[in-house]
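Structure, as structure tokens:
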Amino acid sequence: MKRKGILIVVSGFSGSGKGTLMKRLLSQYPDTYALSISATTRAPRKGEEHGREYFFISKDEFEKMIVKGELIEYARYVENYYGTPRVYVEQKLDEGKDVILEIEIQGALKVKQAFPDTLLLFVTPPNAAELEKRLVGRGTETMDVIRSRLDRACEEAEGMDSYDYLIVNDELEACVSQMHEIIRGEHHRSFRNEVFIKEIKEDLEKLKRR
Ligand code: ADP
Ligand code: 5GP
């Protein structure tokens with residue numbers, strides 16, 4: 001039986017460790033998962049590459065993608081646009097991969113509305129002080145931007161209970177395993193196995209009539 005891919009959204013406060021987690025998950029299970037690469041109008045951070053972390057594009061190019069319907073969803077986040085290109089996601093789901101979108105909450109809720117079978121995961125650090133420590137420690141944003149991101153975290157916390165699972169990123173490796181196990185479990189949900197259920201029902205009927 002061909003395994004059907006699950007669409008998974010991973011959200012979490014900026015600095016909670018989503019990016020780090022995703023890299024570990026993908027490197028441990030490269031055949032299971034595909035990570036969608038978003039388009040954004042924000043400038044690349046040191047070490048980020050076009051086509052690897054993001055497609056870094058202009059506001060003009062981004063708005064053209066919106067008009068052409070090339071994005072599954074998009075949102076504004078702290079002065080910039082971020083969006084999920086459609087083609088890659090559809091192609092990888094068809095190949096049977098579990099496709100992960102690492103996106104913020106407005107986008108997450110739009111994806112859930114358009115694709116109700118989406119699994120929503122929310123990543124959080126163990127506490128607020130640790131979040132600030134990680135954001136500052138990452139050293140990629142000015143204190144002003146860090147403050148905006150912490151403000152945004154307060155707003156995002158309001159939506160945490162819309163997610164299916166809460167994942168506390170305390171010890172990184174334990175967190176990677178937890179996320180993988182949650183997704184594995186999700187494949188066993190009966191509504192994700194309708195084809196199997198239909199086939200076994202038909203086979204049982206045939207047996208009965210033999
Ligand atoms: P996000 O993608 O959610 O914004 P990052 O993956 O960039 O977050 O992580 C923010 C910072 O926290 C990085 O410097 C990263 O190395 C660090 N970090 C991530 N996970 C952990 C963890 N479990 N324990 C300690 N530090 C972590
Ligand atoms: P960052 O600038 O730290 O890379 O990302 C800022 C926020 O934008 C994060 O919460 C990240 O999950 C979110 N994000 C990244 N890509 C997308 C996307 O395609 N759509 C939406 N809605 N949010 C995204």
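Any Cβ shown, glycine's included, is placed from N, Cα and C.
Under the heading ATP binding site, TrEMBL lists Gly12, Phe13, Ser14, Gly15, Ser16, Gly17, Lys18, Gly19. Annotation source TrEMBL lists domain 'Guanylate kinase-like' at 5-184.
Highlighted here are the binding-site residues (Phe13, Ser14, Gly15, Ser16, Gly17, Gly19) whose C-beta falls below 6 Å from ligand 2: Ser14, in sequence order.
Of all the binding-site residues given, namely Gly12, Gly17, Gly19, the one with the smallest number of surrounding CB atoms inside 10 A is Gly19. Proximity to ligand 1 (Cβ under 6 Å from any of its atoms) holds for these binding-site residues out of Phe13, Ser14, Ser16, Gly19: Ser14, Ser16, Gly19. Classification of Gly19 (ATP binding site) by DSSP places it within a helix.
Shown in sequence order, Val123, Pro125, Leu131, Arg134, Asn169 are the same-chain residues outside Gly12, Phe13, Ser14, Gly15, Ser16, Gly17, Lys18, Gly19 whose Cβ sits within 8 Å of the Cβ centre of the ATP site. Cβ crowding, taken as the number of other Cβ atoms within 10 Å, peaks at Ser16 among the binding-site residues Ser14, Ser16. Within 10 Å of the C-beta atom of Lys18 (ATP binding site) sit 22 other C-beta atoms, taking all shown protein chains into account. Same-chain residues at least 6 positions away in sequence with a Cβ under 8 Å from that of Phe13 (ATP binding site) are, in sequence order, Thr124, Pro125, Leu131, Arg149, Arg152, Ala153, Glu156, Ala157.
Non-local neighbourhood of Gly15 (ATP binding site): Pro125, Leu131, Glu132, Arg134, Leu135, Arg138, Arg149, each in the same chain, at least six residues away, with C-beta under 8 Å from its C-beta.
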